[in-house]
Amino acid sequence: MAKAYDHLFKLLLIGDSGVGKTCLIIRFAEDNFNSTYISTIGIDFKIRTVDIEGKRIKLQVWDTAGQERFKTITTAYYRGAMGIILVYDITDEKSFENIQNWMKSIKENASAGVERLLLGNKCDMEAKRQVQREQAEKLAREHRIRFFETSAKSSVNVDEAFSSLARDILLKTGGRRSGTNSKPSSTGLKTSDKKKNKCLLG
């Protein structure tokens, strides 16, 4: 019996507590949103299989607690992660400032060359914005990683962001059969044309 997928990629979401990591995962895996999630205790993961470049990719997306007291738990889960998504809240400047600390944590604990992605979540709350888009774009350029503004609540750019990271991992692992290795700006998930008014990819 043939496998139901061609590749299995482990992804990890990290960032401060309250930035919306769990909501992003639920939106991506189940296309659902619930604003009343309690703060994640320990680690949980969701699975979704997507089609990218003609390949069936099984994405195992791990949620982590942002609180420092759980750091010993999350450190172990960096190992084996092929992609890491750094999440901050556009309405919380401190969560953006702490991205540098999370970058350092990746460097100390993750595999060398792991694919990274920066997400500014809650872009539906424009009136409460504390982190300007240009600030995040600059940080992403400095670290040579992709950047999206997302909204788990409005489903803005969520599929696009996960698909982008999965595609980059596929390219790096040689899963693509033809074409160049330049990072494409388009994504491979078949999704409806969701709202993209204020939260465009960088």
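Every residue, even glycine, has its Cβ placed from backbone N, Cα and C.
Per Swiss-Prot, the stretch carrying the note motif 'Switch 1' among 1-15, 16-30, 31-45, 106-120 is 31-45.
Taking the C-alpha positions, the distance from GLY20 (GTP binding site) to ASP63 (Mg(2+) binding site) comes to 10 Å. A C-beta separation below 8 Å, combined with a sequence spacing of at least six in one chain, links LYS46 (ubiquitin cross-link) to ILE25, ILE26, PHE28, ALA29, GLU30, VAL61, ASP63.
Calculated from their C-alpha atoms, the gap between LYS58 (ubiquitin cross-link) and ASN121 (GTP binding site) amounts to 24 Å.
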